[in-house]
Amino acid sequence: TSSRICERGADVAVCGGTHGNELSGVYLVRELLKAKDIVMEEEREEPASVLMVLANPRAMQQCRRYVDTDLNRCFTHATLNGPISDSAPYEMTRSRELNAMLGPKGSPGAVDLVCDLHNTTANMGLCLILSLACLFQRQMPDVPMRFIHFDVSSKESYSLDSVGKHGFAMEIGPQPHGVVRSNIYTAMKDGVQHMLDWVRLFNSGTIFEAGFVDVFTIVKNIDYPRDSETHNITATIHPQLQDRDFLLLHPDDALFQTFSGETLRYKGNEPLYPFFVNECAYYEKGIALSLARKNTVAYHNMAFKVHS
Amino acid sequence: VSLARFDEARRVAIFGGTHGNEMSGVTLVNLWVKNGSEIQRKMVDTKPFITNPRAVEKCTRYVDTDLNRAFTPENLSALGEGDLPYEVQRAQEINRIFGPKGSPEAYDVIFDLHNTTSNMGCTLILESSKDYFNLQMMNYIKVTDIRLKSLLKASIQLVECCFTSVNIVLCDWFIAGLEVGPQPQGVLRSNIFEAMRVILKHALDFIELFNEGVEFPTCTVEVFRVLERIDYPRDANGNIIAMVHPNLQDGDWEPLNPGDPMFLTFDGKTLHYQGSGTIYPTFINEAAYYEKQQAFVTTRRETLVASAIRKA
């Protein structure tokens, strides 16, 4: 066994509105900020270790995913540190502001944990998306939770949650963009609360035992069939696949249904787990669904020790 | 009136993309523009048409202003060409092509295809209870296709300045808004797509039969008449402070009784429906209506009698 030692209490940033039309996070962070204001007014001791951030206010105001470019792709080292012109996309300027606030990425001053709140139109339930082995392992009894692993080195990571020393995106669906569904909001609120509770336990010296967790590691993305001239899609996700995120897709299972009624089938060699099935924002990224392998991952003992 | 006679419907238009992110109509119309054989019927000229191409291109509801609220007399007569908001220009253009009302070139029937994030199933939106042609078409579709019997609803609402306001614009007779949900904006779901396609198929069959001289006997049709719009509770700054309650969410067309849960505040308090009687809510939690101050719409359930209809 091994334990990892941290120098001080972990601080956390909770970010909503990275995509301005993913409303659970927008409303939750707004409410948390309101509650914080009330606490300040009552002059109670405010734990400085939780930062609440509305990441893309201009996109939020317009209830759009982004104004110029996807903010959640603007956190590579190159984008954060390269030259920037006056006419740069809004989100590029904003990503630098967020990097100054929560980072700088890769430096000792960066926030310990970034939790970035998202919604998806896919039927994914509650997922945590990680690019590094995350410290956070805490189940909510009534809500199944899944871990999704994107295998990128920290140099190539492009998302907001990569600014902190550790980070993850909390993704909850299905919810249409521009809509707040109460069950989804409640699930996200509970998820964030559990995460903050975990951090408090961690800061108070609790030892978290080593263990195992199932993780879905992304293997590939599949695009819609498209018209060669117009690039418009020529099929929909097949009704037998729609809403069946994380149910094993076998070779030859139905994948798409063309507009003329033909079924197109999965031609891969191995059964894989689909997710982000029919996510609205991914049409323009050329992704109809993502496919993952399920792995069991071991994680270490975790404890917080104060240096004497 | 025991038998209503109308001239045959010779020119039919099918509009998609009035809201550029409502994907079923956009996809169907694009399909039919490319290959219209599926929508052709004897003695009917059917024209599929994308009404808001710029919004479709950007996959957004509208560019400057909601096209489906743009058909006001002021807008239609406004001068200024390229300086006008994009959708006002489009409204004028559409009026030129498909109308104007009263002219011999005006279209006879227009279907305007929409999606909603609300769990409304398939809803035909009519503007008048005297709309015997559309009521008979509704009845025909429900009787012909057993799957649509319970799924297809009719709603009567006068929404000013949209296509279904017959007295403002366009064609002499019959405009039907067809609303199918639930579907997120910007997403194409196969079941929703197929439902809309099948409904239009039956609707066009009905028109063909009507044109051939078939008499459709009197029938009764259940409709939901829109009463009022209910907004989200808001704070002094106009921000929403509560969500549609989980008991009401997805409960379109189910009775809402006085005292039933209606909203859930962000800190967990339930707000109850305070009306005096039972109503049937619809358009529950439609994404586009947050900015129109509308959490849901109340309706009253009615049974209408449609007189028999026949070609003149």
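Even glycines carry a Cβ here, placed using N, Cα and C.
Annotated features, as they stand in TrEMBL:
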type	residues	note
DOMAIN	B:9-207	domain 'Succinylglutamate desuccinylase/Aspartoacylase catalytic'
BINDING	B:His19, B:Glu22, B:His114	Zn(2+) binding site
ACT_SITE	B:Glu179	active site, proton donor/acceptor
DOMAIN	B:220-300	domain 'AstE/AspA barrel-sandwich hybrid'
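What TrEMBL annotates, mapped onto the structure for a quick look.
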residue  : record                             : contacts (Cβ under 8 Å, 6+ apart)
B:His19  : Zn(2+) binding site                : B:Asn52, B:Ala55, B:Arg61, B:Tyr62, B:Asp66, B:Leu67, B:Asn68, B:His114, B:Asn115, B:Ala288
B:Glu22  : Zn(2+) binding site                : B:Arg61, B:Leu113, B:His114, B:Asn115, B:Thr116, B:Gln183, B:Gln185
B:Glu179 : active site, proton donor/acceptor : B:His114, B:Asn115, B:Thr116, B:Met120, B:Cys122, B:Thr123, B:Leu124, B:Ile125
Quiz item: Per-residue pLDDT averaged over the domain 'AstE/AspA barrel-sandwich hybrid' (B:220-300) comes to what?
Solution: 94
Practice problem: Around the Cβ of B:His114 (Zn(2+) binding site), how many other Cβ atoms lie within 10 Å? Please give the count over every shown protein chain. | Solution: 24
Quiz item: Excluding B:His19, B:Glu22, B:His114, which residues of the same chain place their Cβ within 8 Å of the centroid of the Cβ atoms of the recorded Zn(2+) site?
Solution: B:Gly17, B:Thr18, B:Asn21, B:Gly25, B:Arg61, B:Asn68, B:Leu113, B:Asn115, B:Thr116, B:Glu179
